[in-house]
Structure formats: C-alpha cells, structure tokens
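Here is what Swiss-Prot records for this protein:
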type: TRANSIT; residues: 1-24; note: transit peptide
type: BINDING; residues: His51, His103, Asp203, His207; note: Fe cation binding site
Amino acid sequence: MASLGGLQNVSGINFLIKEGPKVNAKFELKPPPYPLNGLEPVMSQQTLEFHWGKHHKTYVENLKKQVVGTELDGKSLEEIIVTSYNKGDILPAFNNAAQVWNHDFFWECMKPGGGGKPSGELLELIERDFGSFVKFLDEFKAAAATQFGSGWAWLAYRARKFDGENVANPPSPDEDNKLVVLKSPNAVNPLVWGGYYPLLTIDVWEHAYYLDFQNRRPDYISVFMDKLVSWDAVSSRLEQAKALITSA
C-alpha cells in the first residue's frame, strides 16, 4: 500500500495527504495496488477495466484540462479539493479533483482475500465507538445503502469539533476523537469538512457495482465488507492519523 503519510494545512484544515503528486504534466492515472483481475471472483476484471480504466481515467484527464493555466495549476490534489469546494459553492474543478482522490483512496481500501475482522487498536476503537464490530458493520452498510443516488460511505476518525467553515449541510457535530460513519453525495469527501481523517470508503456510484451486481447495491456492500476490505490499510491510516493529530 502506498504511504498516506504527510501533513498539510489547507485553509486551516489538517488531513492526511499522499506524498505528491501535483496536478501538472507528471500527474497520471495511478493503478490499483493489485492486478485488474486481482479481486476476482468477488469483483470482476471487467468492472476494474471500466471503473478504473475508463471512469477514473476520465476524471484524471478532465482535471488536468480544467486546472492547466489557472491559479490551481501546480497545487496538490488536496489543495484543489478544498479550494474548489468553496464552502459548498462548488467550482468546476472540484468534482474531478475529488473523484480522482476518492478513487485512489478506494482502490487502496481493498485487497485480494480481504474482509474478515480487524484487530488491535482499530478493533478496540470500533468496539468502543459503535458498541461492537457487528454494530459498526450495520451502521456502515446502512450509510452506504441509503446514500441516495451517487456517492460514498466513509469510516473516519474525527479529531476535533466540526467548525462548519467549508461545508454546506454538514454532518451533525458530536464529541471529538472517535470513529464515525459518514456518507457523502456525488464527489464530496470528508476532506472538505475539517477535522475528519478518512480511513475507509466504499464507492456507491452505480458504475462501481452494476456489471457484477446490477441494481443489488446491498449485496455489493456486503461482499465489499466481507471479502474485499483491507483492514491492514485501515489500521495503517488510523496510526498515521493519530500521529498527525499529535504532531499538529
């Protein structure tokens, strides 16, 4: 799994970033950390070929066209996301920038032979904050299943109280320093809310599952959690998030 380390402050928001890339001539479509047939038979090679090879690729190509020669040219992907979200008054580059980030993150959430149950501190926090691993699964699956239309469901670590500076219709604030389940419409991700460190996501746009599951989104969600999630990746992100919070 690629490193998700690093700390960047954009408009007062601290969050995990990937080291590079910038949106410039060197910004290219990043492949998943496994072959396109590596998730079979759970997720088909055909799904990866269309989802990564066409949808994700198009987001990258469109983003490069949108930012070249603008004030966003040369900024990091995360800076572009927060700036172009524009407190909910979304600017043209936002959707493609956020979808590039979301998909890079999503591919790293999965691995061949994934699923099962996490261990260590991650499991302890899940049991503390949700009551049990089963209750967490129920809440995450419900968030993903009930996201109307296109969007994403997330497990995130909330590091501080929500300040509302850069989001329209935010999730309700609650106590700090805990795991939370969120859902977001279209391309929106927790980076724009401030104080949320994404740990896990599932893509519930129809193109993510329709070739394999048709309209059976709940079945796709269950298979994702049971057979695809890389809990090692989620645990690593939790460790890095807590280290960043401590050093901020």
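One-based numbering along the chain as shown.
Heads up, the Cβ atoms here are built off N, Cα and C, so glycines get one too.
Taking the features listed in Swiss-Prot, we show where each one sits on the structure.
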{"residue": "His51", "record": "Fe cation binding site", "CB count, 10 Å": "24"}
{"residue": "His103", "record": "Fe cation binding site", "CB count, 10 Å": "24"}
{"residue": "Asp203", "record": "Fe cation binding site", "CB count, 10 Å": "24"}
{"residue": "His207", "record": "Fe cation binding site", "CB count, 10 Å": "14"}
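Highlighted in sequence order, Trp52, His55, His56, Phe106, Trp205, Ala208 have their Cβ within 8 Å of the centre of the Cβ atoms of His51, His103, Asp203, His207, the residues recorded for Fe cation, and are not part of that set. DSSP assigns Asp203 (Fe cation binding site) to a strand segment in the three-state reduction.
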